[in-house]
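Features of the protein shown, as given by TrEMBL:
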type	residues	note
REGION	1-23	region 'Disordered'
COMPBIAS	8-23	compositional bias 'Polar residues'
REGION	252-271	region 'Disordered'
COMPBIAS	252-261	compositional bias 'Basic and acidic residues'
BINDING	Ser362, Lys368, Glu369, Asp398, Lys590	UDP-alpha-D-glucose binding site
ACT_SITE	Asp398	active site
BINDING	Lys591, Asp615	Mn(2+) binding site
ACT_SITE	Asp829	active site
TRANSMEM	899-922	transmembrane segment
TRANSMEM	934-954	transmembrane segment
TRANSMEM	974-997	transmembrane segment
TRANSMEM	1032-1051	transmembrane segment
TRANSMEM	1057-1078	transmembrane segment
TRANSMEM	1090-1110	transmembrane segment
Amino acid sequence: MAGRSLKASASQFGRASVPPNTTFARQTSEGRYVNLSRDSLDSEISGVEFANYTVQIPPTPDNQPMDMDPSMSQRVEEQYVSSSLFTGGYNSVTRAHLMDKVIESETNHPQMAGKKGSSCAVPGCDGNVMSDGRGEDILPCECDFKICRDCFFDAVKTGDGICPGCKEPYKSTDFAANSAESSRPLPLPSNVGMSKMERRLSLMKSANRSAIIRSHSGLMRSQTGVDFDHNRWLFETKGTYGYGNAIWPKDGGLENDKNDEASEPPELNKPWRPLTRKLKIPAAVLSPYRISHPNEDARWLWLMSVICEIWFAFSWLLDQLPKLCPVNRATDLNVLKEKFETPSPANPTGKSDLPGVDIFVSTADPEKEPPLVTANTILSILAADYPVDKLSCYVSDDGGALLTFEAMAEAASFANLWVPFCRKHDIEPRNPETYFSLKKDPFKNKVRQDFVKDRRRVKREYDEFKVRINSLPDSIRRRSDAYNAREEIKAMKLQRQTAGDEPMEPVKVSKATWMADGTHWPGTWVVTSSEHSKGDHAGIIQVMLKPPSDEPLHGITVDNSPLDFTEVDIRLPMLVYVSREKRPGYDHNKKAGAMNALVRASAIMSNGPFILNLDCDHYIYNSQAIREGLCFMMDRGGDRICYVQFPQRFEGIDPSDRYANHNTVFFDVNMRALDGLQGPVYVGTGCLFRRTALYGFDPPRSKEHSGCCSCCFASRKKSASVSSAPEEHRALRMGDFDDDIMNPSLFSKRFGNSNFLIDSIPVAEFQGRPLADHPAVKNGRPPGALTISRELLDASTVAEAISVISCWYEDKTEWGNRVGWIYGSVTEDVVTGYRMHNRGWKSIYCVTKRDAFRGTAPINLTDRLHQVLRWATGSVEIFFSRNNAFLASPRMKLLQRVAYLNVGIYPFTSLFLIVYCFLPALSLFSGQFIVQTLNVTFLTYLLVITLTLCMLAVLEIKWSGINLEEWWRNEQFWLIGGTSAHLAAVLQGLLKVIAGIEISFTLTSKSGGDDNDDEFADLYILKWTSLMIPPITIMMTNLIAIAVGFSRTIYSTIPQWSRLIGGVFFSFWVLVHLYPFAKGLMGRRGRTPTIVFVWSGLIAITISLLWVAINPPSGNNQIGGSFQFP
C-alpha cells in the first residue's frame, strides 16, 4: 500500500465518473419538439440559430448517478494526500509515500499529518479507514462496516457497489450531504470568443458533477454506450430536460398548444448574485466637485463660474510654484573690510582695493519730479559710506531742463557742508530732508560735544538751500527776461542804425533761456524753439564735481569756517550732469535710451565695473548699502551674478496704505521666493549691476551649468577657441555670436565705433572679478590690483563722452537689442533682467536690516491706477513679444521660467475677474446660483478651499515677516487693479498687436483740495479717469442686485431668506474688496457729509421697494428657482 504511485491512484479516481450522453431536440412553430439525431444535427445546425443555454440532466433510465458521492471521493483523496509524503525533483519521478507515523508522540488533531484512524475490516488489508474533518470514521454503508479507501474503490469498481460486510449495495442517499449543492446548474457562461458552432450548442452539466464537455458535433456518449431516445422517454414519463434558457411546458407535456404559457422553475425567480464585482472609479474623484456637479437649471451661470475658476486655479499655480524655495541672505561687512581695506602683503598701505561704482540717477521732467527731491537723492549718494575715489554719480536729465542743471549745481555746493557733517557725526539717513524731518531724538547716541552746534548750523544752511532750489524757476525766468529784453534793445538799436529814416518793423527776438553766466542754455528752453525743445536739443555733459584725489583731504581751521572738519575727509565723489542729444526723426526709447547713454558716457569717464541704478526719488537710506551689495559680487562665485536687487521701500504713504503702495507682498514674498531660484526680477531702481552683464556677455562657466540641453547648444569649436583666448578676454563671450567676437578689436559691430568704449570693456571685466585669495575662487583677480590711481579727466575724454551720447551713435549696433537696457517695452526693466537670466546669469535679492533705499509712491487713486496700468501694459507687451518665457533658452531654470510666464500672463486674469465679479449680481437677478443646491458637500468643498488658501497665506506671512493687514490690502488692490488697469492694459495690448493702435488713458477732469498742511492731501484728490468705470459699474450692479433680491424676497408669499445667502455672500465679497476704491471716490473725509450717503442709500432702497410693489414678480412666489438649501 505504501508503494503505490500517485499516477496510479489518480487514474483510478478519474475512471470513477464517465460523462453521460444526450440527444438534442428543437421546438417547432406549432409547439412540438422534434428529435435531432447525429445526422440531422449536422444538416440543420448551419441554418438554425440556437441560443446558448444550460441544461441540467435529471436521473433517467440511461443516466443514473454514480453510487459514490463526489464529496466522498474528494474527502478520500484529501485524506490520502494529507497522509502522504511527496518526493521528487529534477529528472526523477514524483512519488507519494503513505506514512503511518510522522512524529513519535501520538497525533491528536484530526488535520495533523499521520493521524491514525481505524483499521480496515477487509481481510488482508492494513490500511486505515477514511475519516472526515474532525477525524471521525467515514462509513459508507449503514452496517458501519469499516473500509479503507482502496478497498472501497475496489468494491465500487469490481464488486458492483456491494458492501463487503452486509453484502447490500451502497445507497447514494447515505453520502448525499452536498447533493443539493451538486444538483444546482452552473451559471450561463459567456459566448465571447466562441466559434459559430459552439454558440449554437447547449452546455450540459451531469448530475455526478463531472466536467463540462463541449463537443463540436453536439453528441455525448451515455454510460451504456448506446444512444438513448430522450424524446420517447419524455413522452412516456412526462419528464423534462431540466432548466436553462429554454421554455419549459407548464403541465409537463411536450405537445402543448402554441398559445400555452410557459413557466420557469422557481430557482430562476431569484437573481444570481456574484461574489465579486469590478467597480469603476467615479468621475467625481478625478474631476473637481464644481465640474462634476453642474447646475442644470442655470448651465450658463455654472459654465461661466467654472471657466473663471479654472483660470484662477491656473493663475494661482503660476504664482505659487516659484515660491517653493524661498531664501534669506545675510552679509558680513567686517569680512569685506578685512579683505579689501586692511593692510596685507599684497596691499601694504591698506588702501581700498574695492572696485569702482558708478551711480545713475534718471530724471526727465522737473515739473513732475521736483528738483528738490532729485537734489536730496544726489546728496545722499555723495555722502555714501564708500571710498570717495571709487564712487561716481551721473545724473541723466532727459528733459534737458536748465532748472535741473542749476539744482544739481546747488546740490554740489551744499554737499561741501553736508557730506563732511555726515562723516563727522555718522548721520543716518544721509538725505537732509528726511534727516531733519525725523521725529525721533536726533541727539541719541551722539558723543561729540559740538554735535548740537553743528546740527543747528547745517539745518539753517539747508533751509536756505531749499529756498534757493524752490526759487530757481522764478530766478531763471527773471534772468531770462532780463537777458531777452537786453537782446531786444540791442536788436532795435542795430535796426535803427541800419534802417535810417525808413519805417521799422517790430523786432522779433527768440525767447531764450539763459544760464547764470549770460549764455544761452543749449538744452530745452522755457519757451521752446527750434533746437531747444524736449525732443530737439544738443547733448550736454557738465562735470559738477571733478574726480577727487587718491589721498584723504582733511579740512583746515579758518575763522570763517562754519564747522570744524579738521579730522574729517572733505573729498567729494565725482558728480556729472548728462543730457543726451535728441533730434527729430530718431527714436530715443525713453528711459532705456537715457540709461544706455549713461552706460557709454560713464564707461569713458570712470568705467566703474559696477553700476547702481536709482530713480530720482529713491535715495540712499543706508549709507553702507553699496558695501552690502558688493559683498555678493565679490564673494566666491560672484562673477556669475549679473545684478543685486534691493527691495523698494516707500515714505509718505498713508498709515492705512489704502492702495497697497508698499507692495510688501511682492517685495517680501515673491522676490524672496525667486531668490531661491535663479534670482529676482529687475524692478527698475535700487539695483546694482555688473557692467559686463549689461554689455550682453555670457556669465563665466555658463556652458558648465547650462542644463540638460547644453549638448544641443554648445559646440566644441567654440570651447576650444575660448580656451585659446587670452586670459583677459576669456570671460568676454557671447554665446550666439561667432568665435572672433571675443576679440575686442571687432566689438565695434556690437558697441559702436568708439575706441575708448571698446578698450574699457576688458578693463571693467577684470576689475569686477572677485579676489583670487583661495584656490576655490575661479576667474579671480590678484589682491591689490585696484589700489592704483585712476586717470584724470581731460578734454578729449569728455569730448568722446559727448560723441557716445549723440542720437546717431546707436545706429547699426546692438544697443537696446542685446547690449544695455532692452528697447521695445514700457517695462524695460523686466525685459532687461529677463535677457540676463536667459543667458544664464544669476541675480541676488539683498534685504538689509536697515532699509537700503527709500523712495516715494503715488498715494492718489488715479496716479496709482495709471502706475499699475503702465506695469500691466508692459507685461502684455512682453507676452506678445519674443521675450515671452515660452521662448526662453535652456539656461533658464524651469521655475524661473514659470515666474516670468506669470509676469506676462497676470493681466489677462482681469478678463475672468470682471466676469466673476458680475456673477453674484447675475445670480440675484436670475434667482439662480452657480450650484444646484447649497448642500453639505459644496459647503465642505468651499470651506476646504478657503481654509487651504488661508493656511498658505498665513505661511507666507510667517516666513516673509509681513503683517496680516498688508496682505489684506494687497488682496483688495489686486481686485481693484484687476478690474480697472489690468483690463485696460489687455485691451490696449490686443489693439496694438492686432490693429497697431496705441491708446493712452489720460485725465479728463481734475478736482483737488487746497489744504497744504495735510501731509496726505494728495490721498483725497479725485481725478476722474476712464479706468474707474469698470469698478464703479461692478459696485452699482451688485448693490442693485442685493436690493432686488431683498425686495423679491420681502414680497414673496413665503419669504425664503435663506435663498439669498449664496448671492448676497458673494456680492458682499466683491464689495469688501472694492471698499478702498469706494472710499477714494468719496474724497476727503468730512468734505462730503455722511448724511448725504445715508439718505442716498435710503432713497435707493425705497425706490426699489416701491417698484417691486407696483410691479411684483408674476407667477413666482419665491426667489432662487430650484436653488435650495439643505
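Just so you know, glycine gets a Cβ as well, placed from its N, Cα and C.
Lys590 (UDP-alpha-D-glucose binding site) sits 14 Å from Asp615 (Mn(2+) binding site), taking the CA atoms of both as reference points. Counting only the Cα atoms, the space from Asp615 (Mn(2+) binding site) to Ser362 (UDP-alpha-D-glucose binding site) is about 6 angstrom.
Counting same-chain residues at least six beyond the ends of the transmembrane segment (899-922), those with a Cβ under 8 angstroms from any Cβ of the stretch are 301, 304-305, 307-309, 311-312, 315, 318-319, 322, 674, 677, 681, 830, 834, 837, 872, 875-876, 878-879, 884-886, 888, 892, 930, 975, 978-979, 982-983, 985-986, 989, 1030, 1034, 1037-1038, 1040-1041, 1063-1067, 1069-1070. Long-range Cβ proximity for Asp829 (active site), meaning a same-chain Cβ under 8 A and a gap of 6 or more residues, is found for Tyr682, Val683, Gly684, Trp821. In this structure the C-alpha atoms belonging to Lys368 (UDP-alpha-D-glucose binding site) and Lys591 (Mn(2+) binding site) are separated by 15 Å. Around Lys591 (Mn(2+) binding site), the C-beta neighbours below 8 angstroms that are at least 6 residues distant in the chain are Ser362, Ala364, Asp398, Trp821, Glu828.
Apart from Ser362, Lys368, Glu369, Asp398, Lys590, the UDP-alpha-D-glucose site neighbourhood in this chain, defined by C-beta within 8 angstroms of the site C-beta centre, holds Thr363, Ala364, Asp365, Gly399, Lys591, Ala594, Cys616. Within its own chain, the transmembrane segment (974-997) is flanked in space by residues 659, 865-866, 868-869, 872-873, 875-877, 879-880, 906-911, 913-914, 917, 1026-1028, 1030-1031, 1034, 1070, 1073-1074, 1076-1077, which lie at least six positions past its ends and keep a Cβ under 8 Å from the stretch. Looking only at the binding-site residues Lys368, Lys590, the densest Cβ neighbourhood within 10 Å occurs at Lys590. In this structure, of the binding-site residues Glu369, Asp398, Asp615, the smallest number of CB atoms within 10 A of the CB marks Glu369. Within 10 Å of the Cβ of Ser362 (UDP-alpha-D-glucose binding site) there are 22 other Cβ atoms, across all protein chains.
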